[in-house]
Every structure is written in structure tokens, then in C-alpha cells.
Amino acid sequence: EEIERETAYPDGKVEKVLKNGCHLIFFPNGTWKKVGSDGKTITITFFNGDVKQVMPDQTVIYYYADAKTTHTTYSDGLEVLQFSNGQIEKHYPDGKKEITFPDQTIKNLFTDGQEESIFPDGTIVRIQRDGSKTIEFNNGQRELHTPQFKRREYPDGTVKTVYVNGQQETKYVSGRVRIKDKDGNIIMDTKL
């Protein structure tokens, strides 16, 4: 671009105004700033390689050169971080966070303390504030983990519960109930 005028300041800063209306400001430490002809688009390239862009809609895009990470802040408050390994984090204005991992697992962190992870195979894990966990498998099975027990529910209606003391209880759709002690010995079986 053709330079319309150039000004050198006593502090070592140099400002160039281009004929297209852009302003370029060069700082002694190697940082430089470009203000677009619209006066709203600003790009600052820092001496360490970081780049900050401010867009006309006030979206701010900051690239951290060392970490190879981009942090975008939108005018509505949404923040998106993109890491070099492919991980993407979205931080919503209401406090919710959504993390997409490189393997495409998605983890949602809710403001009330609940968590939800959705795995590429369709498995969904939900963790409540009290620490209890629900796992929904893509084969229709469901598991519930609490401090007292772990329970698996099968699509056919069978429910198997393992208690903290090791005792196991299986309830079948037919009404049959089988209970085993911690060592696997059957202590009750109501075969119908």
C-alpha cells in the first residue's frame, strides 16, 4: 500500500497512514498495530507472536502463539477457546461450559454443578451434584451409581444391583429374584 504520511515520535513509535485509510503503528519493542480504514477493525501483532484482533462487532480474537491457542470473545459474552490439539471450549455468559475433546467427546458443565458427557459411541454419562452418576449405553442398558449401590438396568427389564458390601441382587422380568453374597454364593433364588 502507498503511504500518505509517516510520523516518527520521540518514544520511538512510528505511525504510517496509508492512502486507503489504514493506520499502521510500529512500537520500538517489535509490536505493531493496524487500524483498518473503517476505524473499527484493529489488529495488534505483539513482539512474542501473539495476535489480537478486534472486529467491527466488538468480537475479540486473541491468538496465543506459544500455546497455539485462539480465544474468541463475542459481544454477547460467549467465549470460545480453540487449542492446538483440536479441543474446543465454549464458555457461555450464564456460566455453562461445553468442551469438545479431540476424540469428539462432548462434556457439558452446568452452573448447578451437574455434568454431562456424550461419547462418540453414543454413551451418555450424567453426574449429579450429589455425586450420583447415570450412564446410558448405546445398547439400551442404563447404569446408576450412588454411594450405596451400582445398578444396571437391561432393555429386557432385568435389574442387577451391587451394594457396597458386595451383595448382589438380580430382579428378572418374570418376577424371579436372585441374591448373592459378596463372594458370589447364592443366598436366595426365587425361581418361578
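A Cβ is built for glycine as well, from the same backbone N, Cα and C atoms used for every other residue.
According to TrEMBL, the features are:
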type	residues	note
DOMAIN	4-34	domain 'Centromere protein J C-terminal'
DOMAIN	76-103	domain 'Centromere protein J C-terminal'
DOMAIN	111-145	domain 'Centromere protein J C-terminal'
DOMAIN	149-179	domain 'Centromere protein J C-terminal'
Beyond the flanks of the domain 'Centromere protein J C-terminal' (111-145) by at least 6 residues, Cβ under 8 Å: 94-96, 103-105, 151-155
Helix, strand and coil totals (DSSP H, G, I; E, B; other) for the domain 'Centromere protein J C-terminal' (4-34): 0 helix, 17 strand, 14 coil
Helix, strand and coil residues within the domain 'Centromere protein J C-terminal' (76-103) as assigned by DSSP: 0 helix, 12 strand, 16 coil
Residues of the domain 'Centromere protein J C-terminal' (149-179) by DSSP state, where helix covers H, G and I: 0 helix, 17 strand, 14 coil
Mean of pLDDT values spanning the domain 'Centromere protein J C-terminal' (149-179): 95
